[in-house]
Each structure stands twice: as C-alpha cells, then as structure tokens.
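Each remark here refers to the structure printed beneath this line.
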Amino acid sequence: MTSMASLFSFTSPAVKRLLGWKQGDEEEKWAEKAVDALVKKLKKKKGAMEELEKALSSPGQPSKCVTIPRSLDGRLQVSHRKGLPHVIYCRVWRWPDLQSHHELKPLDICEFPFGSKQKEVCINPYHYKRVESPVLPPVLVPRHNEFNPQHSLLVQFRNLSHNEPHMPQNATFPDSFHQPNNAPFPLSPNSPYPPSPASSTYPNSPASSGPGSPFQLPADTPPPAYMPPDDQMAPDNSQPMDTSSNMIPQTMPSISSRDVQPVAYEEPKHWCSIVYYELNNRVGEAFHASSTSVLVDGFTDPSNNKSRFCLGLLSNVNRNSTIENTRRHIGKGVHLYYVGGEVYAECLSDSSIFVQSRNCNFHHGFHPTTVCKIPSSCSLKIFNNQEFAQLLAQSVNHGFEAVYELTKMCTIRMSFVKGWGAEYHRQDVTSTPCWIEIHLHGPLQWLDKVLTQMGSPLNPISSVS
C-alpha cells in the first residue's frame, strides 16, 4: 500500500532540486505543487531551468530574467489558491512570510517585472526586493513657546469645521482620481493643510491602483519629510535630510539644538486597532492588528486567527433586517495591508466599500471629509506615514491646536455595502448598517508624545465652538 502511495506522489528530480532551496517549513505540499507547475512551464524554454537554478544557488551573482507567460488576470492558480506568480515564488524561495505584492519591488536589472504588464512575467526571486519601511525623521518640538498667538491656526481649524458640508462629498475610485497633476481639487480657503503633494512634491507617484489593482505594484517611496538644515538640527548624530521640499513653512524661526526637543517615531506592537459598528452602536471588542496583512470579512472563523477579523462572529440583540441583509453581503470584505509605512485597502467583497480617510483626501486634493468609493477588486492607499510626518513637522510650528487637529487624520472610517455622503440618502457613517473605525496606533502615539512635549495649548480645547 505504501509503495502504491509513493508511486502516485512521485516528484520529478528537477522539482526536488528546486525544492532544496525552499525557505521555511510550512506548506510543503503547496510549495511542491507550485514548483511542479513552474517546472512544466520552464521546460518549454531553452535554458530557463538552468538560469533559475543558477539564480537560486548563487544569490549574490547577477542572473537573467526567468519568465513565464502572463495569464489573462495576471494570477496563477496552485492547488485551489490563486496568487500573483512573482509573489508565489518569492514566498517559496526567499520570504515565507510574504503577504502581498505591495511588499515587493523589482530591481532595475529586471526586464520583465510584474508591474510592466508585458506578455511574459519574471519570477526570478532575486530580481525583486522587499519594500522596507522608511525611517521617519524626528519632529523637532521647540522647548520654549516663541510662537506668536496671532499666527495660531485655531481660528482656521474652527472655520474649516464650520464650513464642512452637512453631508460629506463623494468620490468614486478610479473615476474621480484622474486629476491633472498641476490642478488638484481646491481645498477650503481656510484649510490648515498646505497644497496637496499629489501636485507638488512628487507628481508622478500614484497612490492607488485601478480595477486590476491586485496586479499592480505601488509607486516608488516618496522623498523624506522636511527637516531644518544641518546647522539647525538638534542631535549631532542625526542623518542629513532633504531640505528641498516646497512645503517649508515660511514663518519658521531659526532654531538651535538647545531650543528644540526631537521626538522620534516608534513602531508600536499593534499597528492599528479596528472597532466594528452597526449604525451608532459599537459591537464586540476591538481587534488589535499585529500582522501587517489583515482581513476584515463577514464570515465566522472560530480559530482566533490573528490576521483575520471575522464580523460574522459578532452578535447584536438590536440588529434589524437592514443590518442582517447588509452583513450577508460583506462576504470577503476588505484586505488591509501595512507596508513600507503605507496603508492600503483592497476591496475583496462583491459590493463596494466606502472610505473616509483625511490623509488620502489630502493627497488627492479632496475636501478632508470626502468619502471615497472603492469598487470590488480595487485597492487604494489610504494612509502615508511620510506625508503625515511632513504635516506634523510643520504643524509643530503653528502651535498645540494645529498638532491636535492631526488626530483626526489617524482615524479612518469604512462602511461595507452601503455608502454615505452627498450622493447617498445616508448623511453620516453612523447611519450605515455596517462600518468599522480604524485607529492607527503609530501616528497617534507619535502625536501624543509631541503634544506632551509641547505642554498645554494657548487656547483651551473644548467642545464649545
């Protein structure tokens, strides 16, 4: 019986050789099937197998592209699981913990990178590198409050909140996002934010992906955030930073190392927490995300998976028929990625998701409260740590209130199936049947440390306008 089983589970010598370079101990059968499928494709190309073995056996040496034909949807199916080919083979031979194509970037030597949309796609794992989180420069907080109260932006912030429409504006991805680089949507005249970097700092850096989004690579990492010139910087061992940004505050006084206290960004244990709501009722406990890839879906997975928040498990005695019906349509929900200091939301549900992210809206030049519709199979960058760092570095020079206002940027609201805003009959997110609130811990903790260093506000913050 054993001999019969081994007869039907025969592995070719070529597959065995390639599996010798496999990384990690998990998913042996899946990896074997993935390699077997690849060998069948490569055997049709002269020298392809040899080139792959050369790349795997000599990681530090130059190697050529190893290509396979691109499928219609760009994905490859291995044992009932579909994935992007370069991600699959990078996972097998280099990074077993790889979660998403957002984590990979092709090397310059690669002639057939996945993102180039050519008929052939390179699967050489040594033609890709893993995206690293950029190091954010510390925020320099003045030790003494030399800021002129007349320059306070508190009035502007209050005007902005007063001028906010009763209902948020709406934008649909990707239709509303194709704006000329030199003409973003106008901000409110009282907007506390500088012009959108989508049009100024790095105009050719798309922050989102089209309907084929799971098969597109993100843009290059944007330039570092603004820092004062070297002779104004606080610690002697600080790294030199780009000072060419056109977003430098014009009224910033000259500061010396004795006058400022640097506050550094620290990556928290849990990068975010997610809270689920039905109408205006919070349901269940908060989900704390430690994995950089998190699924929020409508199913019931009792296994307590740390990278999955199953809304189907949560009960609510006040649930009405509209909520029940909406929950049935959440399906695969949304996939959240935290990669290289950026947060992406990919809609896996058959129904659209609706996102209100002030950071995303700032980048695209939308009004801060705009709600963006993300259709099924699309992904959108909803937060960028480096843009946030730029805003924080500038806000420090405008006082406590300006920094405190940035807390709104660290919370992202997202509804499933049903939208809200000017184009929908629901005016507020609390009128949607099923929605989540995402709190970004890293930026929030950074703000907290900066505010603590700044001391008390010039004008007490209150709920009274």
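Heads up, the Cβ atoms here are built off N, Cα and C, so glycines get one too.
Record check, Swiss-Prot: Zn(2+) site residues include C65, C122, H127, and the candidate from C90, C110 also listed there is C110.
Just so you know, of the binding-site residues C65, C122, the Cβ with the fewest other Cβ atoms around it within 10 Å is the one at C65. Sequence-distant contacts (6 or more apart, same chain, Cβ under 8 Å) of C110 (Zn(2+) binding site) comprise C65, C122, N124, H127, Y128. The Cβ centroid of C65, C110, C122, H127 marks the Zn(2+) site; residues of that chain outside this set whose Cβ lies within 8 Å of it are K64, V66, T67, P106, L107, I109, E111, F112, P113, I123, N124, Y128, given in sequence order.
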